[in-house]
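Quick look at what TrEMBL annotates:
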type	residues	note
BINDING	N49, D81, S102, K103, G111, T112, F113, G114, L115, G116, G117, K118, K433	ATP binding site
DOMAIN	310-471	domain 'DNA topoisomerase VI subunit B transducer'
Amino acid sequence: MSKTIKGIFLSLKFKQLSPAEFFYNNKSMAGFDNQSRAVYTVFRELIENSLDACDTHSIRPIVFVSLKLNTREELEITVADNGSGVPARYIADAFGRIFFGSKYSVMQNRGTFGLGGKMAILYGQLSTGTPVEVITTTGKDVYKVKLSIDVKLNQPIIHEKKIEKNSHLLHGTTIKLSFKGDYITARSRILKYLHMTRIALPYATIIFDDPEGLFFVAPTLSHILPKPPRETPPHPYGVDIIKLKEMIESSKKDLPLYKFFLKFSRIGKVTAFNFSKLIGLDPFKPLRKLTDEEIKRIAEGLKSYKFLPPDASALSPLGLETIKTGINAEFAPEYIALCQRPPSAYEGFSFIVETAIGYGGNIPPPANGSDDIRLLRFANKIPLIYDASNDVSMRVILEDIDWKNYGLDLKSDPLLFFVHIAATKVPFKTAGKEYVADREEIRREIRLGFRECARELKSYLSKKAQQIHHAQRKEKMSVYLTLLAKYTSALAETELIPKTKLNALINKKGVEDE
């Protein structure tokens, strides 16, 4: 290394950023790049935390949201739910420490890292200088806490804490947060989000009181609760060498290798022994004696060995009846074709794709023959509002399917496309969870789901066309027979045959095509 380069290198000042500092410096990654989007992101993240607190405990969600204008630029949001509540010992870290939460296990949930809600709190703190107020109870005592996040140390700062008796034995959480934002420009997105949430969660009740006097109520439309997601061990295909080392470090040092393999999904005792032999390691070897080379060999073997596919029983899809109820409530289509694909996997993460195509009813055709595709996208029950053109679902619609083969025209037909991906890990392209990445396995399942829906819709439209055709021929035949009966009766000087008898004759004989 030359003296000049060495001098430059030594002159550099290196600084370790805490997670809170990193996201403070990169707010746009989590959806806080402007004040309009910030309003939408805060609104969505806090509601989704509430919905997760209900869904994971099989509680029918009731969520109340109030948004008020403190000043022209400063808003105050209050979100209250009837979820499970936060245990007392976790309250400070759950709301005041980035990368602390319940979303790091392999389990389907709306969040990616338990990050969004705390980013909303951090954004509010940095934009207004005020702490967040949290009221939570698991059914026993009620805890009221005011806290903020120490950005440099990534730890909570408690400003006030009170404990009160829970005389009504209720459970749930209320969050009150002040932040800067532009509600006027965000309003349309927020209302769209609420309507889409109503489609995906007709079993939930959501009430929204907005600053302009709107009182939005999404009442319970269905009493069918989807099964809650279940935590599952990591699948071998989804574990890289870094994750493998973390698992080894957190295990007992004298644990035999084969017992360590039992911590993975889809690995039983027989498979553990067979896999150990295949990679040339003693199944009884203690973890503490593994060398770096052997750990690398294990990591490579986990990717190449033919394990059973990931277990999808832990997933919580919406269900076709739930989807149908939601779409009917919003659009009342003439017909809905629905499909739930069998479980599949990508990179060791299980997923299920649900698709639907609605036709007619209150679904408007594209304006002026444009390519305005009406696509409703959901991932782990989250409505995806932004960046639809980049989403894998839109690419499937525009690039993978020739809709003319199904008698459909995207530029003129009143069509609604729906897709939901339930997964232990959704491949979002950004921390803001705006659109799903183009993974071939997911793209294939969406394509197959839409094709199945398109075939069903084609069959319906074909039968409808036949019925219309026969009805028109019957109408014409009725006119001709009425005239014929009139003239033949006159010629034969007999009584005119009643029209009801003529129609009965047509219905009995049917109308054959020429």
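Using N, Cα and C of the backbone, Cβ positions are placed for all residues, glycine too.
On the structure: features taken from TrEMBL.
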residue : record           : DSSP (3 states)
N49     : ATP binding site : helix
G117    : ATP binding site : helix
K433    : ATP binding site : coil
